[in-house]
There are 2 protein chains.
Amino acid sequence: MQKLTDQQEQEVQEQLALYRQGVQEIIPLKELESKIRTSVIENRPLKIKLGLDPSAPDVHLGHTVVLNKLRQFQEHGHIIQLIIGDFTGKIGDPTGKSVARKQLTEDEVKHNAQTYFEQFSKVLDMDRVELHYNSKWLGEMKMEDVIGLAGKITVARLMERDDFEARIKEGKPISLHEFFYPLMQGFDSVQLECDIELGGTDQHFNVLMGRHFQEKYNKEKQVVILMPLLEGLDGVDKMSKSKHNYIGIDERPEEMFGKTMSLPDHLMMKYFELITDLPLEKISEINASLAAGQMHPRDAKMLLGRTIVRMYHGFGASERAQEQFISVFQKGSMPDEIPELQWNGSEEVNILELLVNVNLLPSKSEARKMIKNNGVKIDGTKVEDPNLIVRVQEGMTVQVGKRKFIKLLVDGE
Amino acid sequence: MQKLTDQQEQEVQEQLALYRQGVQEIIPLKELESKIRTSVIENRPLKIKLGLDPSAPDVHLGHTVVLNKLRQFQEHGHIIQLIIGDFTGKIGDPTGKSVARKQLTEDEVKHNAQTYFEQFSKVLDMDRVELHYNSKWLGEMKMEDVIGLAGKITVARLMERDDFEARIKEGKPISLHEFFYPLMQGFDSVQLECDIELGGTDQHFNVLMGRHFQEKYNKEKQVVILMPLLEGLDGVDKMSKSKHNYIGIDERPEEMFGKTMSLPDHLMMKYFELITDLPLEKISEINASLAAGQMHPRDAKMLLGRTIVRMYHGFGASERAQEQFISVFQKGSMPDEIPELQWNGSEEVNILELLVNVNLLPSKSEARKMIKNNGVKIDGTKVEDPNLIVRVQEGMTVQVGKRKFIKLLVDGE
């Protein structure tokens, strides 16, 4: 192996240390180091892959765990390859059973990719991102190529995937085409000769497919970097839109801040580490201060909230969001837990109807009276007009008097 | 349902009775009757499918069990669809592990199909046979179509196939592409809208795939007719070239006759029923005579031998073959079992070298002496020239003196 200069060796070690931060697993670490080394010697960027599902373009902070890692690679000159898995989206579900896998049109796919692109631009430098649609190569494969691909993996290996294994045990059917999703994801890496693929730990099986098939097609194997999954605001499940426990990357500053404040204390440090841009030393400091009792958890959480808002809306917005939060909730008697209510009515609704419908007030006349007495607030803002048409939004807080709060959930799934 | 005339009803019942003869299973019988009925009413021929492996074109009497059944359908005006599975032959084995599944060239496929065609012409009226190559449609399918096909069957269903099940239990790997062979066979039936598919009982799983996929693609389902497997001359294994227990459809009359005489008695009636063209009543008669002791088993077997030779070589040849057999073996002291020897030498060999190599004689000079004394015979014919170049053939009998026999096997696999 070529000998590196001291400066080059330092560069390799710096990159390696950075990329290892906060990851769950690197498979294998040795190869990552070797790839960085080659990249430094040859002054050649590595190709870092992230696969995206074209059917669910709503990006939340859970996704930024991976995006932040990609950003680190970008900062050292590497190339990000975003792969829109539009081929599976276009073919839909051939069994016709699953509603989730409904067929997307060409336009929907493009639109969703655009949505990703816009949202990702808040974290990544999109001028240095390659955007690929895997229908370009998968759509061109013929039966002969498919058989060739299928001949490079065993049935037993595929059945090791957790969800397949579970369904087999439970006697639930697996349609044969489902075996092809991991194959296709693996083949994407063959096609684009990816050096590294990122994914959440729940993608363990699928991202390893890239290594498997690259080897079978006599390509250099990619390194797999698995990022931890971020628990959502409930502190239990993985952050996801369907669990209503997420903070969207596009949400308003007050909403982001307020939601952050509702996070269980024990997850704060994980959030600092995985989804903020604070340097490691700063995060260690906060952790130490908390442990020593020199910092109140609420203050740490407000710093987390400000940091998140600052990352997506800038400094000014982060300060305002905190002030707003303090004036509305903290100075009032904000309950520890705001009851949540699923809103199934129309998107736009008269304020009086809303108040009655969610049982905050018994009648429209009571509601009108309460508004006159300045007793109704939406997201902390006083309602003055009893004819106000409210546009119901996810997480919108409705307050009546000092004690009665309700948070509205919108069925967006 | 349309009412049939008495004559039509009789025609339906006649056909049904004929097709049921000697079969192992019809799935389902009701649908077969209904298809015949429609065919008679609408005066429309049924399409009867037989799939063929392009890599093994040597046809033996085991194959004629199915061919004779096809012949019966032909005699009532139905159309035979022979499908050469050239697509699988052309792609070979993508794992590159199996020697058996080596890739065939276009020319080899055509040549093998031609060989089938020539040999089948001894049983079928080839003017009323459609010949199809499944690469025509399978080769054109794209990934999207393959996924569509795969989405119409479950993994569990495929794993029910006996050999897959056994390999899973034994922990032996199944390559994913192997799952596609039954799928492709099934899709052939969709493509050609087959009414009936024939196969041996060992094809149970594969031929049912046609029914499965026709239903999924909203076609009328084919009826499956499974024929019994014919045991070979050893009376144990299924007749096959690799087991050296077969009578080839192209073999010489003497060889056919002689091999038939080596058949264990208990299989005689099965051979009469499945591979001869004798009418059922005649076969019943023979069976009764044997049971009553009015007919010697050797005479029955000679009738079987004559019948088989007559079917493939005509009456004259059948008589001559029997005479030859009697003069060589029966009048001489033919042993009950002739030892067999695998011949690995060159195809053409000098008679003296042959006799020494197979240990019938200790030296070339001894061999030369024995020939001079008229003591060497090949297939019952005296050898007179010690410089004779022998072309070694499968099943060739070499005799030295009255007692020493050897039968040569040629490694053709």
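In case you wondered, yes, glycine gets a Cβ from its N, Cα and C as well.
Taken from TrEMBL, the feature ATP binding site applies to B:LYS241. DSSP assigns B:LYS241 (ATP binding site) to a helix in the three-state reduction. Its Cβ taken as reference, B:LYS241 (ATP binding site) is surrounded by 17 other Cβ atoms within 10 Å in the chains shown.
TrEMBL lists B:349-411 with the feature domain 'RNA-binding S4'.
Looking at the motif ''HIGH' region' (B:54-63) alone, the prediction's average pLDDT is 83. The motif ''HIGH' region' annotation in TrEMBL covers B:54-63.
Here TrEMBL flags B:238-242 as motif ''KMSKS' region'.
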Worksheet item: Taking DSSP states H, G and I as helix and E and B as strand, how many residues of the domain 'RNA-binding S4' (B:349-411) are helix, strand and coil?
Response: 16 helix, 21 strand, 26 coil
